[in-house]
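One structure is given below, encoded as structure tokens.
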Amino acid sequence: MAVATAVYPPLDQRPIKNTIVLFDVDETLTPARRHATPEMLQLLSELRHKVAIGYVGGSDFSKQQEQLGSSDVNVTSLFDFCFAENGLTAYRLGEPLKGNSFIEWIGEEKYKELVKFILHYIADIDLPFKRGTFVEFRNGMINVSPVGRNATNAERAAFEAYDKQHNIRTTFVSALREKFPDFGLTYSIGGMISFDVFPTGWDKTYCLRHVEAEKAREGGVEYTTVHFFGDKAYEGGNDWEIYSDDRTIGHKVDGPEDTIKQLKELFF
Ligand SMILES: [Mg+2]
């Protein structure tokens, strides 16, 4: 609770004023899908007396509340900026910022065209078996599974093996690229049974637009130095785009202990 009730200087009165430090969550601030240590939370609180701090996580807000907050501490009280779903859901000093969603961005007409094509394509693929839930609609993306998300673990493994031989997903993605070249979509094959479809650029760099918008606020700060700490800072990793972006100074970490070590070297 000491952390949550601490009083921080306003953003434009932090000692290192034009600097913001952003953090990935899993394996950077916390062990994967687990809670942050008291030591980490204490260090973040001390850092917040010097600079602005924020996190940028790929999963939704409830996950970060669980990992960084607790039943009596709202995660939005621990950071100046909270960027869930890469910033599609965002908070500044505890207040929500304007969000965004896949459907808002693509529009109902284009979305219908896309889903119509996907469902026809799935209907026509010959697989050894199919289950249900072929398109899962999420806030920032859609997830497409040729075999269906209702597949059991054994069925998932069987599909993955079949896919390795027959390139079901890569062929599907090529067909989508060819059909919708001007939709501005990125396709990412991950896991065993599906691939994600999301707007190009909606990786972790998405949150930088919120940071850049700060200078336009009354008494706002222009953040000329943006540090980013993340563990998946390699090509294909989900921290890569923001880590390698020209607007940030990237720091690659090897777990939360390493984040603490590097922060102490840089700021204390
Ligand atoms: Mg990570």
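Don't overthink the numbers, they just go from 1 along the chain as shown.
Any Cβ shown, glycine's included, is placed from N, Cα and C.
A TrEMBL annotation is a machine prediction, not a hand-curated record.
What you see is a predicted model, and the numbers here were worked out from it, not measured in a lab.
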Same Mg(2+) site per TrEMBL - residue from Asp231, Asp254, Asp258 joining Asp24, Asp26, Tyr243, Asp245, Thr248 = Asp231
Taking only the CA atoms, the spacing between Asp196 (alpha-D-mannose 1-phosphate binding site) and Asp24 (Mg(2+) binding site), expressed in whole angstrom, is 20
Arg33 (alpha-D-mannose 1-phosphate binding site), number of other Cβ atoms within 10 Å | 12
DSSP output for Asp26 (Mg(2+) binding site) maps to strand
Same-chain residues six or more away whose CB lies under 8 A from the CB of Arg156 (alpha-D-mannose 1-phosphate binding site)?
-> Val147, Met192, Ile193
Of Asp24, Asp26, Arg33, Asp231, the binding-site residues whose C-beta sits under 6 angstroms from any atom of ligand 1 are Asp24, Asp26, Asp231
Nearest to Asp231 (Mg(2+) binding site) by C-alpha distance, among the binding-site residues Arg33, Arg138, Arg149, Ser194, is Arg33
